[in-house]
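A short write-up of the structure that comes next.
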Amino acid sequence: MKIKKKYCGHVIIVGKANVGKSTLLNNIIGKKISIVSRKKNTTQSNITGIKTEDNYQSIYIDTPGVVFDKNNNQMKHHKNNFYQTTQIATLIIFIIDRIDWTIHDEIILNEIKKTKIPILIIINKIDKISNKIILLPFINFLKKKIDFIEILPISAKKISNLILLKNIIKSYLPENCHIYPECYVTTNSDFFTVSEIIREQLILFLGDELPSIIKVEIESFKKKEKIALYIKAIIWVKNVRQKSIVIGHNGEKIKKISMISRNNIEKKFYIKTHLVLWVKDKN
């Protein structure tokens, strides 16, 4: 019996904040493993997604959106770590927002070019481009920048060109043993998953009222056999003012955040959940 060759590699997803990296990752994996919102820098840590199809295993790393200093357009290294993640990369997916090429895209491209790793550029949100004729001149403009392995216009939200994208990625995976079992879709811990579910609701309910640096700490996570899940979490904010914003008038806002978070946790883990949230300030 002939043994099938196996292929496996790491694919790093990079780009400015809010260009659709997490949406793309979720659609490639086929499950929501990274929270999504219109707020910039929703993703605060590397999110790993795993897609195994037959003898191919792609390990995707969704990096936080690259942040720039407003004064000098320099990358803020302490908030972005794709320099480290590219060390293990087989392929880099560089996502840009429609045909909006900025100095920040240029800076990111110059950095990832230094890695000598193959780069696939994705022009995302093409569903928002009414006149598609302008795409071709823009693609020609990009081709002059570097010899990309492919320039692919897509709509991550509407999953256009997803099969083509997956096939391109597979063609660059090296022959390797699979690192994770076939059933794995992420390396995120249960603690991390729960904290992200809560943080997503905070972002949705609070919008721009609070900075994206808000932190959710899981204080306890206990499962009573297969009957129920008991979770206590602390929402850390900067000061008393922010604390009152999160809690809301008569506690209405935090009640809604808690209720929807609990429902989403139950859907994720298929178990009845008891969730207690505390809001604390660091002062």
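Here the Cβ of each residue, glycine as well, is placed from N, Cα and C on the backbone.
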Stated Swiss-Prot location of region 'G3', expressed as one of 62-65, 70-73, 222-225: 62-65
Matching range for Swiss-Prot feature annotation, region 'G4', among 112-115, 124-127, 128-131, 196-199: 124-127
Annotated region 'G1' segment (source Swiss-Prot; candidates 15-22, 79-86): 15-22
Which range of 41-45, 186-190 is region 'G2', per Swiss-Prot: 41-45
ASN18, THR63 as binding-site residues, winner by CB count within 10 A: THR63
Cβ packing number for LYS21 (GTP binding site), 10 Å threshold: 29
Among GLY15, VAL66, ILE126, the most crowded of the binding-site residues [Cβ within 10 Å]: GLY15
